[in-house]
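Q: Can you read through this structure? Questions will come right after.
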Amino acid sequence: MRKQLSAALALIGVMTAAPAATVPAEAQTRSAHDFTFTSIGGEPMPLSQYAGKVLLVVNTASLCGFTPQYQGLQALWQDYRDRGLVVIGAPSNDFGGQEPKSEGEIKDFCQGAFGVNFPLTEKIHVKGSEAHPFYQWAREVGGEKLAPRWNFHKYLISADGKLVGAFSTRTKPQAKEVTDAIEEQLASAKIN
């Protein structure tokens with residue numbers, strides 16, 4: 001019984017803690033730039049248009065306890081966009097049915113409640129067999145440990161399109177570990 005309890009507690013710790021993680025770039029054969037989203041307005045949004053920029057791709061939801069992270073994401077976008085960071089919000093209803101709104105409602109909500117003006121994709125799946133190809137790739141490259149477990153999971157993509165980090169839902173967008181990783185990638189992008 002004690003072993004079962006210990007195992008259960010360890011699993012809960014892994015599921016909820018999920019600290020930032022890094023991915024070795026040499027393990028990747030494809031790039032994030034190989035994928036295209038559709039914008040919330042219905043236009044193609046190829047990630048190749050952001051080659052040379054650092055990306056923070058976040059699965060979002062409007063009715064989640066973590067929805068206030070939109071404010072931090074917008075602040076990151078404002079603070080770093082002129083230096084080469086692009087924040088991309090990817091609305092998803094995959095976790096708890098917390099994004100039931102239409103694309104138009106999502107866009108209006110994000111702009112009205114949080115002043116969001118960073119790029120948003122159409123509503124997508126981020127897990128399972130119907131996951132968007134970007135999320136399938138990220139799971140393949142980073143493994144289950146780096147896969148989204150809830151809304152507001154953050155993937156950090158280098159200027160050359162490699163998955164270089166992931167941050168759990170509980171990690172706020174402006175947390176030191178996030179901003180340090182962004183700063184490191186922006187500095188690296190200038191060198192290359």
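In case you wondered, yes, glycine gets a Cβ from its N, Cα and C as well.
What TrEMBL lists as signal peptide is 1-20. If you look up TrEMBL, you'll see Cys64 marked as active site.
Please situate the listed features within the shown structure.
A: Secondary structure at Cys64 (active site), taken from DSSP and collapsed to helix, strand or coil, is coil.
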Q: Name, in the order they occur in the sequence, the residues of the same chain whose CB lies under 8 A from the CB of Cys64 (active site) and which sit 6 or more residues away.
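A: In sequence order, the residues whose Cβ lies under 8 Å from that of Cys64 (active site) (at least 6 apart) are Phe95, Gly96, Gln98, Glu99, Trp150, Asn151, Phe152.
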